[in-house]
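Record features, source TrEMBL:
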{"type": "BINDING", "residues": "Arg106, Gly137, Asp158, Leu203", "note": "S-adenosyl-L-methionine binding site"}
{"type": "DOMAIN", "residues": "134-230", "note": "domain 'Methyltransferase type 11'"}
{"type": "BINDING", "residues": "Glu204, Glu207, His208", "note": "Mg(2+) binding site"}
Amino acid sequence: MFRAKTIVFSSSTMASKLLLTRLRTLTRPSNPFKNPNFEAQTLIQIRQYSDPIDPAAPPTPAIANFNRASKSSLNETELEKFSAIAETWWDAEGPFKPLHVMNPTRLAFIRSTLCRHFGKDQNCARPFEGLKFVDVGCGGGIISEPLARMGASVMGIDAVEKNIKIAQLHADLDPITSSIDYRCTTAEKLVEEQRQFDAVIALEVIEHVANPSEFCKSLSELTSSSGATIISTINRSMRAYATTIIMAEYVLNWLPRGTHEWSSFLTPEELVLILQRASISVEEMAGFVYNPLTGRWSLSDDISVNFIAFGRKTANE
């Protein structure tokens, strides 16, 4: 066990000088929190966790041919990248190795926040029984499967058809995960179908979409009135550029070169503002820190590179 600080956003005005100092650190000039329409206050809470292609070109057969008349945040260049490496999703030493290594830590945050939100027992083997989750941009299902094992009724969606095929084949190996409903579709299409879920989860997806604001609006519409939304992504910082692009892609070759575009990353402040405008109130945020000596990730208050946010659906204005 270790103690990690997470950032909780609320409307409370009772903040200590220490908390206000932290807020000022997070809201330096050019920060969207400076926007007069942004009303959220920031508090710090100590909590415990357990370690655990050309866009204009038509899509290839590996990518679903969605109706272009409907609004979409798809970025087909990004879809092409992931289609090319879809077969490697379950290769723990392949291009997705960083996600496999990070998975226990991502799941620790998800389990902790959602158990609290829904009043579930974290010590229960299947705390999410009776809850409906959607894993947006599920890839090969490396998050969908453990969520199903924790009792959730899971739908996994991805716009890359090859990802869905790989996910379904792997899920069918286990009777528990074979119940996952995998679909080659988008969040926007599910909105058109008027689908809603208790929890909407999108991990390492928003940095690959064409329109983050529209994407978050779709996530919000998919979230039930008492539901939760969890998003993880990469901060648009120089440190993130050095670690996730220079080191991971060019030095260590953990990822294919060109996997990430630094300009597509969002700062935590930008993500909070986008989600607030989409009627999602971010209540907790934590960073991921990698220890090269142990080869493990842990939750931290350091959100300068990778971070994850938990939010609840708020009433529409």
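Glycine too: its Cβ is placed from the backbone N, Cα and C atoms.
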Arg106 (S-adenosyl-L-methionine binding site) and His208 (Mg(2+) binding site), distance between Cα atoms, whole Å: 19
Residues in the domain 'Methyltransferase type 11' (134-230) grouped by DSSP into helix, strand and remaining coil: 40 helix, 29 strand, 28 coil
When distances run from the Cα of Glu204 (Mg(2+) binding site) to each of the binding-site residues Arg106, Gly137, Asp158, the nearest one: Gly137
The one of Asp158, Glu204 whose CB sees the fewest other CB atoms within 10 Å, among these binding-site residues: Glu204
Segment confidence, the domain 'Methyltransferase type 11' (134-230), expressed as mean pLDDT: 96
Rounded distance in angstrom between the Cα atoms of Asp158 (S-adenosyl-L-methionine binding site) and Glu207 (Mg(2+) binding site): 15
Protein Cβ atoms within 10 Å of Leu203 (S-adenosyl-L-methionine binding site), excluding its own: 23
